Amino acid sequence: MQPDQIKLEDWKRILIGDVPSSFFLELVIRSIIIFLLLLFSMRLMGKRMSGLLSRNELVAMVSLAAAVGIPLTAPDRGILPAFIIALVVVFIQRWISARAMSNSDFEQFALGKMDVLVKDGVIDLKRMEKVRVSRERLVAQLRSQGVKQLGTVKRLFMEANGSFTLIRTENSTPGLTLLPHWDKEFNDRLKHHQELTTCENCGLTIKTEEKPEKCPHCGSHDWTTAVE
């Protein structure tokens, strides 16, 4: 577009741009396809990609950001297409929210479901792999909430929006230390139970005299003394 073609009184160009009217129907189709594509991509990338927002809420935000980006910088693109995309995105988002409230199966499909990552002091490594959370990330999350060893954890849930919920056990038992090995001074303050051995990988704790060669829960061969 030449500079002399840009005129402030040209409302048709400002609102519609240089596109045929049939293009607005295509915008609706494009919006639905892009929204579903992003939603599916977010599921493949895992829960942590959505942070504290649900997947469809984050997809809606990304779609809206993409919708307003081009009209802001391209004088030959109207603002009206961005409004159409925004209306479609908002409609889909509201429809998903309403449908999820009345249908639990659809809610789990669209928004995801809660996962148990730690149960009775033992890490579920297979579940962590499924939701794409590393062991280092989980341990850091527990340490940030003041957990020094896994024996104090009853449950650690990963919510559908990617946040974590910790439930501590009422009766703490010895378990795997979550403190870094290089912090010897802090580790020495913990009470070590020589009669109990815990898997260094998943935290399964058994009697030392009954310790097998490999962990029956995760298959690891690395064992250490349980602490409290």
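Quick reminder: no glycine exception, Cβ is built from N, Cα and C everywhere.
TrEMBL labels come from automatic prediction, so no person has curated them.
These figures come from a predicted structure and were not determined experimentally.
What TrEMBL annotates here:
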TRANSMEM  20-40  transmembrane segment
TRANSMEM  52-72  transmembrane segment
TRANSMEM  78-96  transmembrane segment
DOMAIN    102-173  domain 'YetF C-terminal'
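According to DSSP, the secondary structure content of the domain 'YetF C-terminal' (102-173) in residues is 29 helix, 19 strand, 24 coil. Mean pLDDT across the domain 'YetF C-terminal' (102-173) comes to 90 in this model.
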